[in-house]
């Protein structure tokens, strides 16, 4: 357990000492924020058009669903972005060890391979979870101006944690 903690802390330190984590988080948050804004603007346009059509027809039409039109689309688009971002997080895990010449030291030390793999996996997964957690701001803002159902949002985030764990482990 001590070896796992040492590798985990070394990897987390290396993520946050170098600009890697900040650049990846910044690029991801820029892309996700831009896409969330576009989806929200499209929903706003649909609401305006829907209201005009309801007035023209002189009847009551059912309201548009915020979860179906914003939350679902956001989570669907984010799957593709994670396919691009997660390799940026994971490619450096062993490549940096080889570049620094520490891979031989790491593999010949009395640390089991499982501890090395788990330490690196959980460090990468922790960074991934932090970045995913930062996107909760979008839904807090959405809550301020609308009333989304938090059940699908929570389920979507749990799905992203499982998806990230799967992508990172591969």
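Each residue, glycine too, has its Cβ placed from N, Cα and C.
What TrEMBL annotates here:
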DOMAIN    68-167  domain 'ABC-2 type transporter transmembrane'
TRANSMEM  12-36  transmembrane segment
TRANSMEM  74-95  transmembrane segment
TRANSMEM  116-141  transmembrane segment
TRANSMEM  153-169  transmembrane segment
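Across 74-95, 116-141, 153-169, the stretch most heavily in contact with the transmembrane segment (12-36), judged by Cβ pairs under 8 Å, is 116-141. With DSSP classes pooled into helix, strand and coil, the tally for the domain 'ABC-2 type transporter transmembrane' (68-167) is 88 helix, 0 strand, 12 coil.
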